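Here is the structure we will look at, set down as C-alpha cells.
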Amino acid sequence: MSHVMMARALFGITLGYHIAYATISVGAPMLIVVAEILHLKTGQEIYRLFAKRVTMVLVLLVGVGLVTGTTVAVMLSVLWPGFMKTVGQVINLPFQIEVFAFMLESLFLAIYIYGGQRLSARTRIISAGLVSVGSGLSALLITDVNAFMNTPVGFQWVNGRVTDAHPWQAMLSPAMPTELAHVLVSAYMTVGFVFAAIAAKGLLKRGITKVERDYHNKVLRLTIIFGGVMAVATAVIGDASGKFLAHFQPEKLAAAEGLFQTTHHAPLVIGGVVNAATGKVVGGIAIPGLLSFLATGSLSGQVTGLDAFPRTTWPPLFVHSLFDVMVSIGSFSIAVAGVYVLYLWRQRSMPRWLLWTIVTTGILSMGGIEDGWVIAEIARQPWMIYGYLHVSQAVTASGGISWMFGGFLSLYTVLLAGTIWALRVYFRKHPLPTDGMSCSTETSPVKKRGVSA
Amino acid sequence: MTLIHVGAGLIWLLILVYGILGAIDFGSSFWRWYFNRRGEWNAEAIARNYVSPTWELINAFLILIPVTLVGLFPGAVFAYGTVLLVPATLLLALIALRGAYWQFGYASAHRQSQTILVVGITGLILPGVFSTLLPLSQGGFVNVMDGVSRLRTLYFFMSPAVYLYTVFGITLALYVAALFLSRYAYLGRQFSVYARYRRQALWTGPVSLIAGVAAVTVRVPGSLNMAARMMHWWPILAASLASFAVSYGALWWAGRFGKTDKGLRFLNISLVFTLVQLTTAHFAYGLAHAVYWLYPYVTFANSVSNPIMFRATLLVLGVGMLILTPGFLWFRHLFITDRDYVSGRSTTGSQ
Ligand code: HDD
Ligand code: HEM
Ligand code: HEM
C-alpha cells in the first residue's frame, strides 16, 4: 500500500472504532434521562433499574471512547499536519468548544455516578440531562468540522494558503444543518435499537422468571419506540441530506446513486453493481423519475451526473452499494418498529421470530452508522477539503506508518475484546434481582468493590 | 507585551494546570498500586476515592492543550506533528491502555489486581515520558532535511538530559501526589494513612528538586542554554526555592500535631506553597524558553495563526471556563472537600 493509503487506512480504522463508542456515549445518556423521568413520574423501580444498567454500560464504554477520541485528536495532528495547518487557521473553533462540551459531560457523569445518595431524584435528572447535552454537543461540534470539509466556507484560498479567515462563518457551512441533525438522530436511533436488542435477547432466554420478563418487556417497549421515532427522523433528514448533496456536492450524490449522465427524470437505481468502464449500473432495479424527485422534489428535476466532472476527481464508485445498504437499514428498522407497535397494539405476546429480528436490527443499526461515515468520507475522495485540498497534499512526510497501523490494529483488538469481556462479566455478576424490584439488592454487592473500585 | 505573548502565556498556564492535575492523577495511581502490593488497604482506598471521579476530567485538560495550540499557533503543531509521529503515538498507546484498564476494572473485582498494576505502572511512566518533551523543545534533537524536520531518534534516546528530565517528571509526580493525598487523608481523618503518604512526600520532594536542577543544567549541543537564560529571571527562581523551603518545613512540622485541625493548617500551607513553587519555577522556565516553541526553528511569531482566529480562540477559552466554573465548584465540593466522601463513609450511590 502507498504511504497515503496507509495513512488513510490507519485514520479510517481509528475513527471507525471511535465512532462505535461515541455513538453509544451520545445516545445512552438520553436513554438514562428518559428512564429517570419515567421513574419519577410512575414511581416504578423498573425504570430506575434500567437507568442504572445503562449507566454501567456507559461507564464501561466512556473510557474507551475517551482514549480512542484522544487517539483521533492526536492522529489528526500527526498524520495530516497539512490539514491541521489549514484547518487551524479557519475551523478550529468547534474543536475548541468541543473540549468544554466534553468537560461538561465528564463533570456531570462523575457527579451522577459518584454523587450517589447525596443527590435527589431531580438533581439526578438534571445531571444526566447535562451529560446528554455535553455528549450531544461533543458529537455535533466535531461533525461540524466534517461539514466544513464537505462544503468549506469562510476563507479565501490563495496559492495554497488561507487568507481572510472568518472562523465563525466557517462553522455555519451549508452542510451543517442536515449533517448535524442526521448524525444526532441516527445516534439516538442506534442506541434505541441496541438496547432493544439486549432486551429482546433477554426475553429469548428460556426459563426466565416473571419479574425478568416484566423488566425486559417494559425496557423493550421504551427503547423500541424511542428508536423507531428516531429512525423515522433519520430517514426524513436523510432525504434532506440527499437534496443538500444534489445542490452542493453533486459529485457525491452521483457516485452514491450510480448516475453517469446528467438528466431530467433521473431514475433511482436500487442495488446493482456500478461499472465505471461501461458507465452503467449492472443489475439493480430502476424506478423512473424517483431520483429526480428525491433530489429536487420534482419528477422532472435535473440531476447532475458524473459526466459533469473530470474523471480524476471521481470518488470510488462502490459507494453506491454502501449507500443502498444504509437506506435499507433505515427502512428495515422503521418496518421492525412498526411491526412491534402493531403487536403491542393488538396486545399479542411477541413471537420469537420478531424478537430475533429485533436483535438483528440492533446490530444492523450500528452497521448503519459505520456505513454512513464510510460513504461520507470515501465519497469525498480525492478531496480532503472539498475543492481545495487533496488528501495526498495533507499527509505527513514522516515514514513508519505501516508498523503504527499494525500496532494500533492490535491495540484496538485488545480494547474491543476487553470491552466485550467487561460487559459480559459485569452483567453475569449482576443479574436482574429476582425477589421483586428493589434496587438495594442490586446495589449492595457493588458498593464495596463496584464502580468506586 | 503583545497579544501573541498573552496567548503563549495562556498555553503555558494550561500546561501548568495539566501538569499539576496530571501529576496528582498519575502519582496517585502509582501509590495505589504501591500500597495495594503492601496490603495497606486504607492507603489504597484513599488514592482510589480520589482518582475514580477525576481522571476523565483531567484527560479533558490534556486535550485542551493541543487543541488550543492549533487555534493559536498552528505552525507549532505542524512542526511537532511531524517530529513526534512515533513518540506521540507511543504515548497515546500508553494513555489508551491506562484508560481502558481503568474502566474495565469496574466490571470485575477478580481482575482488580491486574487493573491496579497496569494503571499504576503507566501512571509511573507517563509523567516521565511527558517530561521528555521539554529537552526536545530546547533544541539539538531535530534535523531539518529538504524542508522536513526529523527527530534524531537514537541520539535522543542516548542523551543523559532526556533521562534527567524523565527522573524529574516521575519524582515530581510522586511528590505532588503524595503531598496531596496526605492532606486528603488528613481531611478524611485517616491519620495512619496520612502518615504513610507524608513519609513518601518527605523523600520524593528533595529528590525531584535535585533532579530538576540537574536537568536544566545539563546542556545538549545546539540547544538553548537554559541554565543561563533562567538565571536571568533569578528573583522568580529565588521565590520558587523559598517556597519549597516553606512548604517542606510546613510538611515537616505538620508531623508534630497528631490529630488536630492544626495539623491540617500546616498541610494546607505546605500544599499552597508547593503550588507557588511549581508555578514560579514553571514560569521562570517558560520565560527563559520564550520566544521558541521548538528551538531554533519554531518561534511564537513564525507559527502564529491569523489575528481573527487567535482572538476567537482566546474568547472561546475564556467563556468556556466561565460557564463551567459552577460545575467545577460543585464537583470540588462533592469529591475534594467533603470529608465523608474522602473517608469513604458516604455511599457510592448510583451504582
Ligand atoms: C443508523 C444509521 C443511519 C441510517 C439508518 C441512515 N443514515 Fe444516512 N448517514 C448516517 C447514518 C445513517 C451517518 C453515520 O450519520 C452519516 C455519515 C456522515 C453523516 O453526515 O451522517 C450519514 C450520511 C448520509 C448522507 C451523506 C451526507 C454527506 O455525505 O454529507 C446521506 C445523503 C444520507 N445519510 C441519507 C440517508 C437516507 C436517505 C437514509 C434513509 C433511511 C439514511 N441516510 C439512513
Ligand atoms: C466518526 C465518524 C467518522 C468516520 C467513521 C470516518 C471515517 C473515515 C474513513 C474511513 C476515512 C478514510 C477515507 C478514505 O480512505 O477515503 C476518513 C478520512 C478522513 N476523515 Fe473521516 N470519519 C469520521 C468523521 C470525521 C470527522 C468528524 C472528521 C473531521 C473533523 C474527519 C476527518 C477525516 C480526515 C481528515 C480524513 C483523511 C482524508 C480522507 O481520506 O478523506 N472524519 N474518515
Ligand atoms: C476527527 C474526528 C474526531 C476527533 C478528533 C475526536 C476527538 C475526540 C476526543 C479527543 C474525545 C475525548 C474527549 C476529551 O477527552 O476531550 C472524543 C470523545 C467523544 N467523541 Fe470524538 N472525535 C472525532 C469524531 C467524533 C464523531 C464523528 C463523533 C460523533 C458523531 C464523536 C463523538 C464523540 C463523543 C460523544 C465523545 C465523548 C466520548 C465518550 O463520552 O465516550 N467524535 N472525541
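Easy rule for this one: first residue shown is 1, then count along the chain.
Yeah, the Cβs are placed from backbone N, Cα and C, and that goes for glycine too.
The transmembrane segment annotation in TrEMBL covers A:15-38 (among others). Counting same-chain residues at least six beyond the ends of the transmembrane segment (A:15-38), those with a Cβ under 8 angstroms from any Cβ of the stretch are 44, 47-48, 50-51, 54-55, 57-58, 61-62, 64-65, 68-69, 71-72, 105, 109, 121, 124-125, 128-129, 131-132, 135-136, 138-139, 184, 187-188, 190-192, 194-195, 222-223, 226, 366, 369-370, 373-374, 377, 412, 415-416.
The transmembrane segment annotation in TrEMBL covers A:58-83 (among others).
Per TrEMBL, transmembrane segment is recorded for A:95-114 (among others).
Taken from TrEMBL, the feature transmembrane segment covers A:126-149 (among others). Here the transmembrane segment (A:126-149) has Cβ contacts under 8 Å with residues 22, 25-26, 29-30, 32-33, 36, 51, 87, 90-91, 94-95, 97-98, 101-109, 111-112, 115, 119, 170-171, 173, 175-176, 179-180, 183-184, 187, 376, 380, 384-386 of the same chain, all six or more residues outside its ends.
Residues annotated as transmembrane segment in TrEMBL: A:180-199 (among others). Through the fold, the transmembrane segment (A:180-199) approaches residues 22-24, 26-28, 30-31, 54, 136, 139-140, 143-144, 147, 216-217, 219-220, 223-224, 226-228, 230-231, 233-234, 237-238, 240-241, 333, 358-366, 368-369, 372 of its own chain, all at least 6 residues removed from its boundaries and within a Cβ separation under 8 Å.
TrEMBL lists A:219-238 (among others) with the feature transmembrane segment. Residues 31, 34-35, 38, 46-47, 50, 178, 181-182, 185-186, 188-193, 195-196, 199-200, 203, 326-327, 330-331, 333-334, 336-338, 340-341, 344, 350, 358, 365 of the same chain lie 6+ residues outside the transmembrane segment (A:219-238) yet bring a C-beta within less than 8 angstroms of a C-beta in it.
Residues or ranges marked as transmembrane segment in TrEMBL: A:317-342 (among others).
The list of residues near the transmembrane segment (A:354-376) in space but at least 6 beyond its ends in sequence, with Cβ under 8 angstroms from a Cβ of it, reads 12, 15-16, 19-20, 23, 146, 150, 179, 182, 186-187, 189-190, 193-198, 200-201, 203-204, 220, 224, 227, 256, 319, 322-323, 325-326, 329-330, 332-333, 336, 339-340, 343. If you look up TrEMBL, you'll see A:354-376 (among others) marked as transmembrane segment.
Annotation comment: TrEMBL describes A:401-423 (among others) as transmembrane segment. Under 8 Å from some Cβ of the transmembrane segment (A:401-423) lie the Cβ atoms of residues 1, 3, 6-7, 9-10, 13-14, 17, 57, 60-61, 64, 67-68, 71, 79, all in the same chain and six or more residues away from its ends.
Sequence-distant contacts of the transmembrane segment (A:95-114) (same chain, at least 6 residues past either end, Cβ-Cβ under 8 Å): 25, 29, 55, 58-59, 62, 73, 124, 127-128, 130-131, 133-135, 137-138, 141-142, 145, 451-452.
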